[in-house]
Amino acid sequence: MTWLERMLTFDSSKVRFQALFFVYFIGSSGFSVFRNVYLEEMGLSGSQMGQIGFLLMAAGVVAQPAWGLLSDYFRADRTILVVGGLGSALALLSYPIGDSLAAPFALIAVGTALYSALRSPVSPITTGMVLSRGFDYGSVRAFGSLAWAIGSLGFGFLVGYLGSVSIIYFYIASAGLMVAIVWSLPNDGRSEDGTGDGESEADEPALKEAARALITNRDFLVILAAAFLLRLSISGGEAFFAVYMRNVEVSLGLGPLVLSPDGMTGVAWAINSGIEAVAFLYVLKTNISYKWLLVGGGVIVVIPNLVYGLTTLPVVLLAIQSLGGIGFAMVSVAAVDLAHEISAERVTSTAQSLLTGLGYGLGAAAGQIVAGTLLDAVGIMDMYVGISVLGFLGAAVGLLVSTDSRSGEPRGTAGT
């Protein structure tokens, strides 16, 4: 059976997870891509946008480990996902309300922090649920990338017609649909009454030992460090990409059709995410070790940032998007699958939450501040060169990963 046939093989549970990733990512795409455009229209400075971006990531960093432990201890995956979906949707209403104020920064900052904290468990806990059921992460996550491609392309034109506020209401609608999908998921033996499948307080030490083994595992710490630096570079570049396209006035004529900077932003994201979706599936069939998936993917995913700082040729900017998609898929599969393999089954959600929070989340938060500060200090093109250097350093850290296979024995076995 080919990788495409495996992807399309019908399994009701797997299809629901694929649908969940699709809805979650298509709803998030508009806000992630055009958030700073909306904030710029409100009159916020580059530093203020960087601070909002920092809150967007930092609040999630603080909340994610707690969500992961709550999920593993109480076996309440679905309840947490529902709370996260509904709460984050309500928090984003601060944006259209703030838009009507003379000084919106404070309200936007509070709303962003709440959105981040409430939304933060959705991706890692869903990932843990997918892996614990034996599904290939890439074949499910690919639907998220596909949704991101569709959403980014669509919002590139939708924002021009309906205004930047449309990204908020689209997320709210998608959150409602996401909650409906979550409630349809089987609980796989995890009860929602706080005890799990036959567990008691006597089992608590097993959870502590499993968590201790995880956070002292060398490869896990290396993955966190590499993910931090890579995500710093990626997030900093992503956050200001729409602003970059507007500032350098990138446009492209295709016969009678002329793509505006916002249209170019949407097309670029669509190419990036479309290639990324295919790459997630292709990575499944390779035999490349975790180390070289992380190192190679890290180098590849950072190259676009370097290119943004060196040229503004529209064709080059579109062509380079394929590297971003391929590199991100390689890094994601390496980090997520390795974190799952080295963690005990008892701390599946905790492992993914720590990776997403302390690795990706904290790195993304730092990326917002670093990129925003560099934007004000040296301009947008030199900013991209600066954050690319930090990304290449993250790829180099991946050389310290000691695992040399795609499927070794789990190291974090305490508590299993």
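Including glycine, each Cβ sits where the backbone N, Cα and C put it.
Database features, via TrEMBL:
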DOMAIN    16-384  domain 'Major facilitator superfamily associated'
TRANSMEM  21-39  transmembrane segment
TRANSMEM  51-70  transmembrane segment
TRANSMEM  79-95  transmembrane segment
TRANSMEM  101-118  transmembrane segment
TRANSMEM  139-162  transmembrane segment
TRANSMEM  168-185  transmembrane segment
TRANSMEM  220-244  transmembrane segment
TRANSMEM  264-284  transmembrane segment
TRANSMEM  291-310  transmembrane segment
TRANSMEM  316-339  transmembrane segment
TRANSMEM  351-371  transmembrane segment
TRANSMEM  383-401  transmembrane segment
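Per-residue pLDDT, averaged across the domain 'Major facilitator superfamily associated' (16-384), gives 84.
Most Cβ pairs within less than 8 Å of the transmembrane segment (316-339), among stretches 79-95, 101-118, 264-284, 351-371, 383-401, belong to 264-284. Contact between the transmembrane segment (383-401) and the transmembrane segment (220-244) is present: at least three CB pairs lie under 8 Å, with pairs separated by 6 or more positions in sequence. Taking every listed stretch (79-95, 139-162, 168-185, 220-244) in turn, the largest tally of C-beta pairs under 8 A with the transmembrane segment (21-39) is reached by 139-162.
Two recorded stretches are said to be in contact when at least 3 C-beta pairs lie under 8 angstroms, sequence spacing 6 or more; the transmembrane segment (101-118) and the transmembrane segment (139-162) fall short of this definition.
By the Cβ criterion (distance under 8 Å, sequence gap of 6 or more), the transmembrane segment (79-95) is not counted as touching the transmembrane segment (264-284), fewer than 3 such pairs being found. Note: the stretches the transmembrane segment (351-371) and the transmembrane segment (168-185) are not in contact (fewer than 3 CB pairs below 8 A, sequence gap of 6 or more).
In this chain, the transmembrane segment (220-244) does not touch the transmembrane segment (139-162); fewer than three CB pairs sit within less than 8 A of each other, excluding pairs fewer than 6 residues apart.
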